[in-house]
Amino acid sequence: MTILERLLQHDAWTTRALLDLSAPLSDAELDREFDIGHRSLRRTFSHIIRNMEGWCDLMLARPQRQRSETSIAGLKERLDVVAAELLALGRSVTEGKREDDCFLDVLDNPPRHKTFGGGLVHVATHGMHHRAQCLYLLRQLGVKNLIEGDALGWEQQHTGHPADSQPSV
């Protein structure tokens, strides 16, 4: 597994885990406003996933998709679709050694060229900041047993590699 695959898969897994923890919350709780970031849990999750979709569409040179579904189930569906697309794109870019090739960001004014490597890393790291906000909001809403969401914990759970395995170097 490449570093990029790890970043993209950890990003999607951690976002999904927080969505799962949010599933029992009422609409009123999901939409409760706080003085942080995008102000509510639902809007923060929507922003994370909309960002993934937007960058994926830009890098694939296709029109921006419509993003209307904001229920927890709908957000999970959108996340699953875009996470698979980004992982396939990341693998294609890596296999083709196209990390330094450019795509046109038509949403910039004026449009600007950006590298695929930079775009993919941006997507993989962008959600981290907002997931920290989600964790704070979940705590404020009284949700218990929150995950840490760190990459090493994800890797151990995802790959089955024990945390105390012998170094290979």
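Each residue, glycine too, has its Cβ placed from N, Cα and C.
Reduced to three states, the DSSP call for H130 (divalent metal cation binding site) is helix. Counting only same-chain residues six or more apart in sequence, the Cβ atoms lying under 8 angstroms from the Cβ of H130 (divalent metal cation binding site) belong to G37, H38, T44, H47, I48. Taken from TrEMBL, the feature divalent metal cation binding site applies to H47, H126, H130.
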* Asked: What is the number of other Cβ atoms found within 10 Å of the Cβ of H126 (divalent metal cation binding site)?
  -> 16
* Structure fact -> Around the Cβ of H47 (divalent metal cation binding site), other Cβ atoms found within 10 Å total 16
